[in-house]
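Notes follow the structure.
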Amino acid sequence: MFRSRVVALFVKNNSKALNNLRGTTPSRVLNEESYRLFSTGATRKCLDGFRSFSKGNYVPSMRNMSTVASVGIGNKEGLKLLVNGGPHAQKMVGIWLFGSAAWVFSMVILGGITRLTRSGLSMTDWKFTGGLPPLSDEDWLLEFEKYKQSPEYKRVNQGMSIEDFKFIYWMEYAHRMWGRGLGIMFALPFSYFLRKGYITVQLGLRLSALFGLGAGQGLIGWWMVKSGLEEPASEYAQPRVSPYRLAAHLTSAFAIYCGLLWTGLSVVMPEPPSESLAWVHGAAKVKRLALPVSLLVGVTAVSGAFVAGNDAGHAFNTFPKMGDTWIPGDVFDMKPLIRNFFENTSTVQLDHRILATATLFSIGALWWSTRKFDIHPAVRSLIGSAVGMAGLQVTLGISTLLSYVPVELGTAHQAGALTLLTLMILLNHTLRRPSPSLLKSLPQVAKTI
């Protein structure tokens, strides 16, 4: 009897709002118009009663990943949004940030191709603003003569033709200009959104830091290339860039990518997907396991940069053993001991093998440990995707090693590392704790059909 009276009173006084709520799940956040209708304390109490009595249906789908509808209630109940201007502004800023992240992803892939084709040392000077490429035969001959003075030409590419030089020059030129294009593509929309008032102070500071780091990437890149233009210490050593500088360059690119992706997700999905308190508690359990696994994924990716910097992929092209042994005898030959982990080819490759194997088993253990948890379907799907990607990444790594690092497989392996990192970012972002306002509206368990 009490239930029927409450529902009748609610329908009578709030019929328009009820129409807006039809077909929604209990945890869906109200839009701005509905919020205004429910702004009085009495009506809120009535709404709470209605929520507890209503029999909603829950259909698991990836649509629940999106919580853009939280704009209306967010500013009034403590949820601090990163973008002003409502859902349209959120969508525009989100598309821009995801586009920027995709551009950085492509930059990493292009950088990998440039390194694998040994094109990175073809340009022997650098300008922050860039410049036009050689446009005449005389210009090409001038650039070629500069390259002939470099250690790489003298020790590796002696007798190279002008046509072969053009290929490696264009690869490096494209990589540099693609980076400058990213700067323009980021700065212009950023200025526009600032002028429109879409960017909050918090978001503005975060994006300014990412823009500064991106601008610094050009300097780090030249700092790296410059190390490869110096004469090697030994007359038998091939010229190559410093592994420390290459790792710094690649790690900075990964950091920019992760920052853009996380920020974009926070803009379009200010609340994590949550349909019940049970799923929130399950997500908290998963998060405690996912954070160290994500850290291991990042460390493994950085160790891959040292493999690239030391050309360690061209040594010990066997698996699972390294040559005829499990552990080479020279892994601790360098002094001091710490140098072996960053400069010793044997140790660097052994480290990467161990870290990659540990990553695969850790992600597998994450899946196994959480298989019986009461968690959102999106979380379960992301964990499964991470397991599959980790298996594929290890397979690509072994294939690349056994094939003596062909450009195609080496590039795919680098892309795989960033893809796996992407999945871990998505997982951790989805595992965030909801705002207090959303927690108050959640039922104990999700409604099922």
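In case you wondered, yes, glycine gets a Cβ from its N, Cα and C as well.
Here the structure is a predicted model, which means the values were calculated and not measured.
These come from TrEMBL:
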type     : residues : note
TRANSMEM : 93-113   : transmembrane segment
TRANSMEM : 177-195  : transmembrane segment
TRANSMEM : 207-225  : transmembrane segment
TRANSMEM : 245-268  : transmembrane segment
TRANSMEM : 289-309  : transmembrane segment
TRANSMEM : 352-370  : transmembrane segment
TRANSMEM : 382-405  : transmembrane segment
TRANSMEM : 411-431  : transmembrane segment
Are there residues at least six beyond either end of the transmembrane segment (207-225) with Cβ under 8 Å to its Cβ atoms? List them, or say none. 120-121, 123, 126, 128, 176, 179-180, 182-183, 186-187, 190, 199, 241-242, 245-246, 248-249, 252-253, 255-256, 259-260, 263
Please report, as numbers and ranges, the same-chain residues at least 6 past the borders of the transmembrane segment (352-370) whose CB is under 8 Å from any CB of it. 285-286, 289-290, 292-293, 296-297, 299-300, 303-304, 306-307, 312, 322, 380, 383-384, 386-387, 390-391, 393-394, 397
Between the transmembrane segment (411-431) and the transmembrane segment (177-195), are there three or more C-beta pairs closer than 8 Å, counting only pairs 6 or more apart along the chain? no
Count, for each of 93-113, 177-195, 245-268, 382-405, the Cβ pairs lying under 8 Å from the transmembrane segment (289-309), and report the range with the highest count. 245-268
Report, as numbers and ranges, every residue of the chain located at least six residues beyond the transmembrane segment (177-195) whose Cβ falls under 8 Å of a Cβ in that stretch; write 'none' if there are none. 89, 92-93, 96, 99-100, 103-104, 106-107, 110, 129-130, 204, 207, 211, 214-215, 217-218, 221
